[in-house]
Number of protein chains: 2
Amino acid sequence: MTVTQPVVCTTVAQLREEIAARVAAGAATVGLLPTMGALHHGHLEIARRTRAENDLAVVSVFVNPLQFGPGEDFESYPRQLAQDVAALAAEGVDLVFAPPVEEMYPGGAPVVSVTSGTAGAVLEGATRPGHFDGALTVVNKLFTIMAPGPRIPFRAYFGEKDAQQLLLMQRMVRDFDHRVEIRPVPIVRSERGLALSSRNQYLSAEQAEHALVLHRTLVALAAGELTLEQARERVAAEPEVRLDYLVTVDPQDLELVDPAPGALALVAAWVGPTRLIDNMRI
Amino acid sequence: MTVTQPVVCTTVAQLREEIAARVAAGAATVGLLPTMGALHHGHLEIARRTRAENDLAVVSVFVNPLQFGPGEDFESYPRQLAQDVAALAAEGVDLVFAPPVEEMYPGGAPVVSVTSGTAGAVLEGATRPGHFDGALTVVNKLFTIMAPGPRIPFRAYFGEKDAQQLLLMQRMVRDFDHRVEIRPVPIVRSERGLALSSRNQYLSAEQAEHALVLHRTLVALAAGELTLEQARERVAAEPEVRLDYLVTVDPQDLELVDPAPGALALVAAWVGPTRLIDNMRI
């Protein structure tokens, strides 16, 4: 089987030229999957969908320093562009945007940036200060850089598992009037309900069994069988599981609300030493 | 003389449709002058330039609640849309974008917004906390809403008198990769050098005389005839004048720098009860 290699763009100007040329040549829709590289099965699943749903399929590979905190692993984060490009070639992706840091942030960190205020400082943001603002800042740039013009539908793909990130991206599109349609990608689960994550590999067989309490409790909460307090107690009572939070929020602004229809239930817990997140619409 | 009335758009969708229709009909360049209305001579001068330099001339009239602080005059800020539209008609402006607050911020204040961090909190930002972030947030929206597409040059006009605002807008365009060219509009001065401002009307004849020290001192500083300290002393020594700040900054990030070529000298002072600002490139 022959695969066409994607064009790898390393500058903003080159990416814009490639997109303009392909739109001029007839591409009527553009799709973007933003990643930090080190692509795994889950990414490739979304790349396939991006490919299938758009004339022009673009994947960005950029380890964004802004979304790492001081104690975090920006330097040691895995970088394997050649492997990633090969994997994306097999999925038929057209363009890979892999800029160096200096191309995205010439002269250092941006002076003007994106902030999600308190909505990005709670829940996952509480354990990673600045993380969401960094992610929003780089995705805002990707949206503006790639904007193919008013007549060309432009879609961006984000997983539902990182619910807070997805909600903030949707909110940015609305608050900034980006002409981008966010296409959420549903959580993929094991047969027994555990949300797939690269961190699941750290779970022992026994821990993986205990971790099922997260999904089971979300289902019961969504069905109205448990109050929020009972749901928390059920998670906390599971051996080896330590609850970080279990809340229901308004997907518009991430404010805490009662577990009523339309709300989103979010859970984070340590199972042994491994931190897992999951979520479900009520 | 007959004048064509500008089309007044009150929704984002309507503005986008009008721009798309005019681009489709052959408009090859788009210009934007963002205002809060209550247009005076200075605005109309810039409107004329926007008209002359672009096929499609757009003026936004929007009193942006985000850029007013709690103690400020958002409610009482003058609103006179009919007069403004008539004045813009006389200048040949094509479109006026005058959305209600709910159109720009549906459901209330945005969750995701633009911040300039410390660069927007110093100098003028020190006396108006949040002001520049509010201005950047709304102009970012205007840029995204109006973006006419990759092939159509898009220009936005800002006065050099509000130097910090201009620098932050230029920085946002660069940091956000907006496809907008900021066209700075030079300061208009009286014959004797006083920067024109609607606040000059509050000055007595004597105060207007004392206010000339601002421009005179900037000229001497730019010519290297005074040190920064001597320049401050000269302003402070003028009767009726109370210096707020006189600094030189790097126009890239508003960091304080020595008064060397390329730096921008910024001054703010009260003359009697009236606060004036002025600036000059070294």
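From the backbone N, Cα and C atoms, a Cβ is placed for every residue, glycine too.
Automatic, uncurated: that is what TrEMBL annotation is.
Model, not experiment: these values are computed from the prediction.
The ATP binding site feature in TrEMBL is assigned to A:36-43, A:159-162, A:V188, A:196-199. Taken from TrEMBL, the feature active site, proton donor applies to A:H43. Summarising the annotation, TrEMBL assigns (R)-pantoate binding site to A:Q67, A:Q165. Sequence annotations record features per position, and here TrEMBL assigns beta-alanine binding site to A:Q67.
Shown here: features listed in TrEMBL, placed on the structure.
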{"residue": "A:M36", "record": "ATP binding site", "Cβ contacts under 8 Å, 6 or more apart": "A:V61, A:F62, A:V63, A:N64, A:Y77"}
{"residue": "A:L39", "record": "ATP binding site", "Cβ contacts under 8 Å, 6 or more apart": "A:A47, A:V61, A:Q83, A:D84, A:A87, A:L88"}
{"residue": "A:G42", "record": "ATP binding site", "Cβ contacts under 8 Å, 6 or more apart": "A:G159, A:V188, A:L196, A:S198"}
{"residue": "A:H43", "record": "active site, proton donor", "Cβ contacts under 8 Å, 6 or more apart": "A:L33, A:T35"}
{"residue": "A:Q67", "record": "(R)-pantoate binding site", "Cβ contacts under 8 Å, 6 or more apart": "A:G130, A:H131, A:F132, A:G134, A:A135, A:V138"}
{"residue": "A:E160", "record": "ATP binding site", "Cβ contacts under 8 Å, 6 or more apart": "A:L166, A:P184, A:V185, A:P186, A:I187, A:N279"}
{"residue": "A:Q165", "record": "(R)-pantoate binding site", "Cβ contacts under 8 Å, 6 or more apart": "A:E124, A:F132, A:A135, A:F158"}
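With a 10 A radius on its CB, A:S198 (ATP binding site) counts 10 other CB atoms from all the protein chains.
Note on A:V188 (ATP binding site): other Cβ atoms within 10 Å of its Cβ, all shown chains, come to 14.
In the three-state DSSP assignment, the secondary structure recorded for A:V188 (ATP binding site) is coil.
In the three-state DSSP scheme, A:M36 (ATP binding site) falls into the coil class.
Taken residue by residue with DSSP, A:E160 (ATP binding site) is part of neither helix nor strand, so it is coil.
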